[in-house]
Amino acid sequence: MTSPALKDPAKTRVIVGMSGGVDSSVSALLLIEQGYQVEGLFMKNWEEDDGTEYCTAREDLADAQAVCDRIGIKLHTANFAAEYWDNVFEHFLEEYKAGRTPNPDILCNREIKFKAFLDYALSLGADLIATGHYVRRRDTGALTELLKGLDPNKDQSYFLHAVGGQEIARTLFPVGELEKPEVRAIAEKHGLATAKKKDSTGICFIGERRFSDFLKQYLPAQPGDIETTEGEVIGRHHGLMYHTIGQRQGLGIGGLKDASDEPWYVLHKDLARNVLVVGQGNEHPWLFSRALLASEIFWVNPVDLGSPRQLTAKVRYRQSDQRCTLERTASGYRAVFDEPQRAVTPGQSVVFYDGEVCLGGGVIEAAEPWSPRA
C-alpha cells in the first residue's frame, strides 16, 4: 500500500490541528512552504470554558485564527466535547475511582486527535492531517512506523504510543525533525502571534485550577489513615485519589517525635483498607520496582512476542530509555528491568521502544518490588 504522504504535495490537501500554540502554527507554515494545500482546524474538546481558571479556549481560538490569517489559510472549527466526555473523561474518572493515576492525554490522542479529528478532516476532503507533535514517521513498505522526535527534551512519542500505524500513515509531523528553539525562531521570523506563547501544561480540562478542587466536583472523597510501613498511623489523607506513588508534597506530615528530618513520600495505596502508606527518604526501598505487569498492550504495528524480547521502556514522560525484557504472560505482559525503577505507578503507561521506533505500550497494572517487603 502506498502511503498517502508520498503523493505530490501540490495535489495533497492537509488539514492541520491548530491548537493556538506555536508548534501547530509552525507546522502549518512549514507545510505551506513545502507546497501542500493547507487548511487549519481548531478543536473544542471541553464545554466548561466560562470560568477564568479554565484553560483559555477562547484565547487559543483567537490565536489560531490570527496565525491562519497571517499565513493565509482557512480555519475550520469543530466541537468534539461529546466524544471527549464519552471516550476520555469518563475513563479518567473511572480510573481515579479505582485508585489509579491515569493519563488522559494518551486517550485524547487516540480517541480525539487521531480518530474524531482525522475522520472529520477526511470528511472535509483532506488527504492527510498534521499536528504539532514532536514525533516522526517512517514509511517501511506497507507499514508506517512512529519514531521519537529529534529533540530529546520535547519527544512526545510516549503520548502517541496508542495511535495505530494506519492513523500515523495519514499524518504529517512537520516539527518532529526540529528542536523547540528552532520552532520558536521560525515563528518569530514570520511574525506569528504564537511565537512567544508559553507552552500549555497540565490537563486541558483542568487548566489552572487545583487538581483536588477539580476532582472533588465529580468524585466523592473518602478520607482515611496515613500509615508508615510498620503500620503506625501518623495522619489522615483526604482521599487516595489525590495521591500518587512517589508524591512528596501535600501529605501534611511533620513534627513527629521519633522521625528523622527526611521528607515523607507516598509508597503504596492500600485500596482495600483506604490507607495511604508512606515512608521517609527519596531512596526508600518501597519506591523501587524490578518489574511491572501490564494488561493489554496497544501496538502501533504488529509485534511478534513469541519469545521474550530485549527492548527499552519508559514508565513516565521524559524518562530516559530503560533496558528491559518484555514477555507474554497468561494475563498480559511482564517487563523485567535491568535497573531498579522508581515510582512505577498503576494507571500510568509503560511505552516500549526498539531504538528510535516507538512500538506501543499499555497501562501499568502492578509493580513488583525490587527488594522483599516485610
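For all residues, glycine too, the Cβ spot is worked out from N, Cα and C.
Swiss-Prot has this to say about the protein:
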- Cys108: active site, nucleophile (ACT_SITE)
- Cys204: active site, cysteine persulfide intermediate (ACT_SITE)
- Gly17, Met18, Ser19, Gly20, Gly21, Val22, Asp23, Ser24, Met43, Gly132: ATP binding site (BINDING)
- Cys108-Cys204: disulfide bond (DISULFID)
- His133: site 'Interaction with tRNA' (SITE)
- Gln348: site 'Interaction with tRNA' (SITE)
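Closest to Ser19 (ATP binding site) by Cα-Cα distance, out of the recorded positions Cys108, His133, Gln348, is His133. Gln348 (site 'Interaction with tRNA') has a Cβ environment of 22 other Cβ atoms inside 10 Å.
A 10 Å cutoff on Cβ-Cβ distances gives Met43 (ATP binding site) a total of 26 other Cβ atoms nearby, all chains included. Here the candidates are the recorded positions Cys108, His133, Gln348, and by Cα distance the one nearest Gly17 (ATP binding site) turns out to be His133. Taking the C-alpha positions, the distance from Gln348 (site 'Interaction with tRNA') to Cys108 (active site, nucleophile) comes to 14 Å. A gap of 13 Å separates the Cα atoms of His133 (site 'Interaction with tRNA') and the residue listed as 'active site, nucleophile'. Taking the Cβ of Ser19 (ATP binding site) as centre and 10 Å as the limit, one finds 23 other Cβ atoms among all the protein chains shown.
Pairwise Cα distances among Gly17, Met18, Ser19, Gly20, Gly21, Val22, Asp23, Ser24, Met43, Gly132, which the record gives as the binders of ATP, peak at 16 Å. The two recorded residues Gly21 (ATP binding site) and Cys108 (active site, nucleophile) have their Cα atoms spaced 17 Å from each other. For Asp23 (ATP binding site), the Cβ neighbour count at a 10 Å cut-off comes to 25, with all displayed protein chains included. Here the binding-site residues are Gly17, Gly21; the one with the fewest Cβ atoms within 10 Å of its Cβ is Gly21. Counting other Cβ atoms within 10 Å of each Cβ, the lowest count among the recorded positions Cys108, His133 belongs to Cys108. For the pair Met43 (ATP binding site) and Cys108 (active site, nucleophile), the C-alpha distance works out to 12 angstrom.
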